[in-house]
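Participant: Take a look at the following structure, please.
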């Protein structure tokens, strides 16, 4: 409805209709043109026609609803989820002020938690917020904005010393997590403009390899926001934009403004191009290291790691591999496994933090090489070097089993980070599991109870000491 809004994230009113249908009670109050109008609903049915209930100089709409507990087994709202979304909106709409108040809990003074989100810098501050824990390569965010054409475009970007790309894209304030034409336009302009500048500067002359789009985006954090009057999303969840004209609009704005920035800031431009060259060299070294790992596997027959205690079953769907912390844990795991279905691979110490390492270093790490070899997967397909080939996956359940302490948690995080960055298909395919070790073994005589929380431990002690003799209950902490 262009008479009400120039652009809108909602397209058909499905959202409010669904909220109404799934609520026992809903009340909508509209403040507009000096008047206040209201309508109430129960189980989706209007209780009366829209009526005027007063006058007011404020503008806006207030929606109050109560989820239907006959439909939802749980309707607890996560404060952090709501806060993150409102913070996001304050960055995307600079200058506005959004207040979040949680009335569910109050302090000793009877006050509830309240938080205000406000940003004068908009996307500049958004990028700085996202990159707050990373080391910058350029001092300030590169900011591009244009509302001259039919599609307003706003982009902010920073380069950092990491080896990953983080691009956040929005259409009419909706987070398009799968990207779309606006992201494609941004990437196309970024690659073309940076390559053109690098070629003219002569910095690529000594590089004896082709530079790819991935090289230009290594260490990049960017936020893209476009306003589209008639957005075409792929799917009802609105996670990917499909408007073809948006690609050209973003491409033009980013291409022109990025080129101007590079010409006016030669020092920063040189730093960015040097980062691109390092990325290309690391990618080439990683390709050679990856090929070497896979070639060794082929030449050495099965090539399975020496510490792997494999299972006898040949059907991958029935097989499980446990990645365990250290040789001693590996020994315990071997004693408790079913040899037919369970394989055990002990990992020595903490594996490499792939988030802070160049790719070729990853393939040189023994523990990571052992994991790759044991899983049987190969990297690189016709679609691209980073695509994981799962056709040779030897175990359809990959279970991370570390200790219940801080070190165990850290090792688990490092393994998950490796899978997320380099074996994402394992996670997306539902192959990765985490074994949750117990914190306590509570024992009295031949009776044993494993406990995962303090509360469970207390209950177990009481159950085993019904005669009141708690001193006779042994507690072992893992």
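Note that Cβ sites are derived from N, Cα and C of the backbone, with glycine treated the same way.
A quick note: this is a predicted structure, and the numbers were derived from the prediction, not measured.
Per Swiss-Prot, Mg(2+) 1 binding site is recorded for 325, 403. Annotated Mg(2+) 2 binding site per Swiss-Prot: 403, 405, in sequence order. As annotated by Swiss-Prot, domain 'Toprim' applies to 319-438. Among the features that Swiss-Prot reports, site 'Interaction with DNA' is placed at 350, 353, with the record citing sequence analysis.
Situate these features within the shown structure.
Facilitator: According to DSSP, residue 325 (Mg(2+) 1 binding site) sits within a strand segment. The local packing around residue 325 (Mg(2+) 1 binding site), expressed as other Cβ atoms within 10 Å of its Cβ over all shown chains, amounts to 24.
Residue 403 (Mg(2+) 1 binding site): 16 other CB atoms within 10 A of its CB, across all protein chains.
Mapped onto three states, the DSSP output places residue 350 (site 'Interaction with DNA') in coil. All chains included, 14 other C-beta atoms sit within 10 angstroms of the C-beta of residue 350 (site 'Interaction with DNA').
Cβ environment of residue 353 (site 'Interaction with DNA'): 414, 417 lie under 8 Å away, each six or more residues apart in the same chain.
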Participant: Fill in the CA-CA distance, residue 350 (site 'Interaction with DNA') to residue 405 (Mg(2+) 2 binding site), as an integer in Å.
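Facilitator: With the alpha carbons as reference points, the distance is 13 Å.
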Participant: Cα of residue 325 (Mg(2+) 1 binding site) to Cα of residue 405 (Mg(2+) 2 binding site): how many Å, rounded?
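Facilitator: With distance taken Cα to Cα, residue 405 (Mg(2+) 2 binding site) is 11 Å from residue 325 (Mg(2+) 1 binding site).
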Participant: Mind giving me a neighbour count for residue 405 (Mg(2+) 2 binding site)? Other Cβ atoms within 10 Å of its Cβ, every protein chain shown.
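Facilitator: For residue 405 (Mg(2+) 2 binding site), the 10 Å Cβ neighbour count is 14.
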Participant: Is it possible to list how many residues within the domain 'Toprim' (319-438) are helical, extended or coil according to DSSP?
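Facilitator: Split by secondary structure, the domain 'Toprim' (319-438) comes out as 52 helix, 30 strand, 38 coil.
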